[in-house]
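Peer 1: Dumping the structure here so I can ask a few things about it.
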Amino acid sequence: QPRLSQRPDIVPVTLMSSAVALEKPASNIMGPKEVELILVKEQNGVQFTSSALVAAAPAQSDPSGEEDRETWGKKIDFLLSVIGFAVDLANVWRFPYLCYKNGGGAFLVPYLFFMVIAGMPLFYMELALGQYNREGAAGVWKICPIFKGVGFTVILISLYVGFYYNVIISWALFYLFSSFTGELPWVHCNNTWNSPNCSAWADNSSVSDIYKATPAQEYFERGVLHIQDSNGIHDLGRPRWQLTSCLGVVIVLLYFSLWKGVKTSGKVVWITATMPYVVLTVLLLRGVTLPGAIDGIKAYLSVDFLKLCDAKVWIEAATQICFSLGVGFGVLIAFSSYNKFTNNCYRDAIITSSINSLTSFFSGFVVFSFLGYMSHKHNVALDKVARDGAGLVFVIYPEAIATLPGSSVWAVIFFIMLLTLGIDSAMGGMESVITGLIDEFKFLHKHREQFTLFIVVSTFLISLFCVTNGGMYVFTLLDHFAAGTSILFGVLIEAIGIAWFYVLGVDRFSDDIEEMIGQRPGRYWRLCWKFVSPCFLLFMVVVSFATFNPPVYGSYIFPPWANMVGWCLAMSSMSMVPLYAIYKLCALPGKFCNKQRLAYAITPETEHHLVDNGEVRQFTLHHWLVV
């Protein structure tokens, strides 16, 4: 007992101790103790005091017991951030073309099927995982330490994607600056960058049209990229100052959107996440008034159920679901980790994933109204003008806009939309990297601004390879390998870790969700998490390897060494899973193959005392059968 005084007239009082238990029963760790002395009474020179031994008040009021963590200013900030990340350029340049090519409206059958059995469940899983554990993609794996490698996998993938995704935004910014002119620079063939093969659509109908190029196509490839000055990926040249400047502006925008965390990014998305819907609506209202637009929309919606007999259609629908929702990049985990503990993540998952799919479908009307107009104007089949990828938004669409009255105004509006579509998705990717590493390495918490600067500057320096004369070859290589098979593999391991190895697997995960929102996930969600989604992802990984095709750009075929570099890039992220598992097993006490060591590796860090008592539920048959 503490000695209150050396004076004999001071009466020592017996210490009354009371401990305040933490709310969360799963945690066995008590906080530091404090002795509280309260002066009750002083009479005739004698002081009467009472003492209480109390636990230090937890900094975090939610049941997770975590330290104080920043939260979103408003619920809408979180929703807009998730929507802004998931709704990106691929919603405009990928889904409409896939729908048209694979049976029109019939394509929605496999798309919605995979959305229900895999897309939404995985989306919901990541939001709940981040919100409950309140950490980034690596830190959440304190629930099953041997799987922490998958956290580093998704962080690396997000970093790799940032190396080339920011370049797309810089292209949009370059086009935006070029649109502030009386005559758009891609309307004729009289520019210094044009080649003898440049030909307007009216003259581009002969048999030899494969050797010709439209002014818009030559502007993108020769005027913007200057790919004619490179002989291949071995001949990159120096970064072009115009694109480098645009890339620098993008990096500055990203930094000042992210440097203060969700305090700043949550405000930026009010513009970047809503602007695309305003512009898409305006473009649709303009597009449907153009001649041939209705024919384009009819082609987009035409139903050909015979296409569903083609396995390739189902594979493309499954692939589109995997990539369009943004699962596996660690972004959903990072964003949801800043939610309040009791936030209804179930409702958020349904709302945001549905909005993403509806946006993809809606954008198809905008795209095909203009494609139908181009087909009608140049009197060619719709197949001649329909394409996906960068060619749609940087060649076909600009060319269509250039034929409209007030073309410069429409071009400015369109490229502002592309800029906002790209910025919030890039913000999400960077936030995944920053949050994931800051939460894993706690000393970085006090230096978020400097660390954010380090990440964005590093990204900028690597991206310089993509703005050289041969930068398009580097871009294509990164796009092909950085987030293809590796992202599917990462989500597969993530689903297995949650559904099969996390203590009681789906049962324990469902308890966590019930603790947050007061409602236990239904049997449908639990079946998807444990069986359907992992089987779907395993199938997609196998298909991804089986159908792999080396990257090409136009007629250019990449040399074998470039493909090797690409595979090394992909394997560098996937290898994090086995490498960290081996490291974790080596770091724990006991023999390498010891059962107790494995038990420590798959048991939540706060429950290692259960291993000491021999209560390892993952080693029981009930664990593997429960749903």
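Just so you know, glycine gets a Cβ as well, placed from its N, Cα and C.
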Peer 1: With reference to TrEMBL, specify which of the listed residues CYS189, CYS246 is paired with CYS198 by a disulfide.
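Peer 2: That would be CYS189, the partner TrEMBL lists for CYS198.
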Peer 1: Under 8 Å, at least three CB pairs between the transmembrane segment (560-582) and the transmembrane segment (355-374) (pairs 6 or more apart)?
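Peer 2: Result for the transmembrane segment (560-582) with the transmembrane segment (355-374) is no.
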Peer 1: For the Na(+) site (GLY84, ALA86, VAL87, ASN91, SER324, ASN356, LEU421, ASP424, SER425), what does the 8 A shell look like? I mean other same-chain residues with CB within 8 A of the CB centroid.
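Peer 2: The surrounding set, listed in chain order, is ILE83, PHE85, ASP88, ALA90, GLY326, THR359.
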Peer 1: Once near-sequence residues are set aside, which residues in the chain of VAL87 (Na(+) binding site), 6 or more away, have Cβ atoms under 8 Å from its Cβ?
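Peer 2: Those within reach of VAL87 (Na(+) binding site), by Cβ under 8 Å and sequence separation of 6 or more, are ALA273, PRO276, ILE355, ASN356, THR359, LEU421, SER425.
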Peer 1: Which residues of the same chain, at least 6 past either end of the transmembrane segment (451-475), have a Cβ under 8 Å from a Cβ in it?
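Peer 2: Distant contacts of the transmembrane segment (451-475): 159, 162-164, 166-167, 170, 221, 225-227, 229-233, 235-240, 243-244, 247-248, 251, 254-255, 258-259, 430, 433-434, 437-438, 444, 553, 556, 558, 562.
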Peer 1: Relative to the transmembrane segment (78-96), which of 108-129, 150-177, 241-258, 355-374, 527-548 accounts for the most Cβ pairs at distances under 8 Å?
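Peer 2: The stretch with the most close Cβ contacts to the transmembrane segment (78-96) is 355-374.
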Peer 1: Does the transmembrane segment (108-129) reach the transmembrane segment (270-294) with at least 3 CB pairs under 8 A, where each pair is 6 or more residues apart?
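Peer 2: The answer is no, given that the two segments have fewer than 3 Cβ pairs within the 8 Å cut-off.
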